[in-house]
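Student: Below: one structure in structure tokens.
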Amino acid sequence: MPDNSSIANCCAASGLAARPSWPGSAEAEPPETPRAPWVAPMLSTVVIVTTAVDFVGNLLVILSVLRNRKLRNAGNLFVVNLALADLVVALYPYPLILVAILHDGWVLGEIHCKASAFVMGLSVIGSVFNITAIAINRYWCICHSATYHRACSQWHAPLYISLIWLLTLVALVPNFFVGSLEYDPRIYSCTFIQTASTQYTMAVVAIHFLLPIAVVSFCYLRIWILVLQARRKAKAERKLRLRPSDLRSFLTMFAVFVVFAICWAPLNCIGLAVAINPEAMALQIPEGLFVTSYFLAYFNSCLNAIVYGLLNQNFRREYKRILSALWSTGRCFHDASKCHLTEDLQGPVPPAAMATIPVQEGAL
């Protein structure tokens with residue numbers, strides 16, 4: 001899936017940046033049209049909220065699976081892997097985007113620019129492949145339960161996860177040969193420039209978005225058909241052995257897929273349209289639409305943990321336990337520090353006062 005800055009380097013018109021370049025360089029050009037004063041505060045708020053929810057939410061997902069034995073299964077290892085893919089952008093690229101917004105330009109140098117763009121791509125493509133793997137896992141678990149445990153045990157899952165990240169790295173390699181990693185001032189982000197090759201951009205959209213969407217849609221469609229058959233016929237239900245936990249897991253991951261598709265579809269549609277007809281489409285796409293589609297895609301990284309909490313009772317229960325434990329620990333530290341502070345303010349009890357305190361008989 002492309003970070004579609006395929007219109008980032010097009011001619012400056014309709015308020016589009018003429019060419020991403022480093023601040024202070026000889027090639028740097030000011031934007032044709034200044035931004036509205038509310039744009040930077042709004043984008044910074046979106047980035048801060050997304051980063052905070054992403055960090056806390058995905059940590060809760062990981063801790064929930066590690067703590068709860070009911071959640072510690074082969075299927076949820078892919079969920080943890082997806083949470084890690086979402087978490088990594090909250091640790092590196094998003095804070096750098098916030099710095100760029102606050103400085104109204106990139107001030108962290110070329111190395112951080114290229115590295116943040118690479119990490120962003122790693123997270124996005126890793127998420128796509130993880131969601132696809134989860135759909136295949138759910139399909140196999142529900143539709144082919146007889147062979148599921150032989151092929152998808154907890155010992156096999158790490159191999160599949162390693163394969164996912166290997167394919168993710170392979171998918172990122174062509175970007176270093178086809179185009180460069182540069183800063184796009186419209187989205188305050190360093191991203192992959194897709195103008196070098198129309199064919200490459202179309203291939204990226206097809207392989208990283210359309211193909212996974214097709215595979216996931218097929219898997220979930222087959223599951224829906226079998227679920228409906230199981231509800232209508234008691235015999236089919238016995239054959240399928242549909243457990244409530246399997247259905248809950250399926251519905252949760254189906255919701256994750258729908259949210260992902262909604263968040264990333266606008267940006268990929270823009271990239272595909274520009275790839276098909278770059279000269280005509282690049283100038284017709286409003287900058288506001290492009291920026292909105294980009295930040296909608298960024299926002300997706302914090303939504304999965306919310307979906308788990310809303311739709312999966314085991315995750316919701318574990319969230320409450322973790323947050324309650326953290327709250328209790330925080331109160332203990334607060335009460336202890338308050339107690340020590342009171343003792344320090346009152347000072348030691350003088351001997352004369354000690355003498356006036358009656359000692360009860362038998363007291364220790």
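Backbone N, Cα and C atoms are what each Cβ position is placed from, and that goes for glycine too.
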Student: What is the disulfide partner of Cys113 among Cys143, Cys152, Cys190, as given in Swiss-Prot?
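Tutor: Of the listed candidates, Swiss-Prot names Cys190 as the partner.
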Student: Based on Swiss-Prot, do Pro37 and His149 face the same side of the membrane?
Tutor: no
Student: Using all protein chains shown, find which of the disulfide-bonded residues Cys113, Cys190 scores highest when you count other CB atoms within 10 A of its CB.
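Tutor: Checking each of Cys113, Cys190, the winner is Cys190.
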Student: Do you know the mean pLDDT across the topological domain 'Cytoplasmic' (67-81)?
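Tutor: Mean pLDDT, the topological domain 'Cytoplasmic' (67-81): 89.
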Student: Do the transmembrane segment (116-136) and the transmembrane segment (46-66) come close, with at least three CB pairs under 8 A (pairs 6 or more apart in sequence)?
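Tutor: They do not touch: fewer than three Cβ pairs between the two stretches lie under 8 Å.
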Student: When only pairs 6 or more apart in sequence are counted, do the transmembrane segment (46-66) and the transmembrane segment (159-179) reach 3 or more Cβ pairs under 8 Å?
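Tutor: Counting Cβ pairs under 8 Å, fewer than 3, so no.
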